[in-house]
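Student: Just dropping this structure here.
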Amino acid sequence: MTLRVLGVDPGLTRCGIGVVDIERNRRATMVAVGVVGTSADQTLDKRLLVIAEAIDEWLDRHEPDVVAVERVFSQLNVSTVMGVAQASGVVIAAAARRGIPVALHTPSEVKAAVTGSGTANKDAVTKLVTKILRLDAPPKPADAADALALALTHAWRAGNGMGAAGGSSSAGSLTPAQKAWADAEAKARRAR
């Protein structure tokens, strides 16, 4: 059985999206990766609509078992934080409409899961994502690599990498009953 995770690195200007399949043995394969871009010249409602429509398309096309989104963290630039939060809300709502669980991971968690260091730079994350997924070239821009890193992080931090579809990264391992429930939900979603 394979767990399919859609990772999202939210942002108003560039929203990275990546889909990864993870096998029980933790072997990961990239399914798709991309970036949704909007222009600062557009009104906020139009920008969010572009992101919402793209996320809807990705969710419908790839039917993930779970969506992993970068958790908003405090920055000095309030407008950047607001844009990330607004894009995150659009993504979370789109997943919720479909009954797909959402997990949030901090940038430090993602860096630590992929590189072993919570303070790694973007180049290190991109290089290791490229190696882990056996890609011929690094995903560009960095937002795309970050989305794939989010997907990998969720799968690996969910315990054995399978069945732990929802919740935050601190949810820990599932009980056998929870795992059976999550597996049944994933199977039902794939049958649609």
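A Cβ is built for glycine as well, from the same backbone N, Cα and C atoms used for every other residue.
The active site annotation in TrEMBL covers ASP9, GLU70, ASP143. According to TrEMBL, the Mg(2+) 1 binding site annotation covers ASP9, ASP143. Summarising the annotation, TrEMBL assigns Mg(2+) 2 binding site to GLU70. The annotation compositional bias 'Low complexity' is assigned in TrEMBL to 167-181. Among the features that TrEMBL reports, compositional bias 'Basic and acidic residues' is placed at 182-192. If you look up TrEMBL, you'll see 163-192 marked as region 'Disordered'.
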Student: Per DSSP, to which secondary structure element type does ASP9 (active site) belong, with helix, strand and coil as the options?
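Tutor: The three-state answer is strand.
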Student: Report, in whole Å, the straight Cα-to-Cα distance of ASP9 (active site) from ASP143 (active site).
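Tutor: Spelling it out, the Cα of ASP143 (active site) and the Cα of ASP9 (active site) are 6 Å apart.
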Student: List the Cα distance (Å, whole number) between ASP9 (active site) and GLU70 (active site).
Tutor: 6
Student: Looking at Cβ-Cβ distances, which residues of the chain lie under 8 angstroms from GLU70 (active site) while being 6 or more apart from it?
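Tutor: In sequence order, VAL8, ASP9, PRO10, VAL84, SER88, LEU104, HIS105, THR106, PRO107, VAL110, ASP146, LEU150 meet the Cβ cut-off.
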